[in-house]
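Below you'll find the structure, written out as structure tokens, and then a few comments.
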Amino acid sequence: MEQALKQAGIAFDKNEVPVGAVIVDRLNQKIIVSSHNNTEEKNNALYHAEIIAINEACNLISSKNLNDYDIYVTLEPCAMCAAAIAHSRLKRLFYGASDSKHGAVESNLRYFNSSVCFYRPEIYSGILAEDSRLLMKEFFKRIR
């Protein structure tokens, strides 16, 4: 999660919403990809940290199935990212801060508990949550 927080810091410095993600090989615990939100620079609403990381990981291993990998993300995934996590079959999801506005894992939609979700990763929340929360708070304080 510390590496995901570093990625969130990079996003913060680029005036992107500070969310970072890393995907880790479960067998050797090595990070295979890391990413951060990039919606402003790319002018594309789809460039969330999770989507970028999943795309890069699939390209790296030449597979759409990431069942031997875990994702660490600093903020509770939105509906789009939760669906991408399910579709790519990541084994475990670790996230930091909850997102009361857009979170779709445990805060609002609860995507993985819905009837439309066909795959549910193991979910672990609250990891370094305060660090993530503070970074988000600073970011939105700065832009308002």
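Cβ from N, Cα, C; glycine included.
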Starting from the Zn(2+) binding annotation in Swiss-Prot that includes Cys78, Cys81, which of His36, His48 is the extra site residue? His48
Cβ atoms near Glu50 (active site, proton donor) (within 10 Å, other residues, all chains): 27
An 8 Å radius from the center of the His48, Cys78, Cys81 Cβ atoms defines the neighbourhood of the Zn(2+) site; name the other residues of that chain inside it, in order. Val19, Ala49, Glu50, Ile51, Pro77, Ala79, Met80, Ala82, Ala84, His102, Ala104
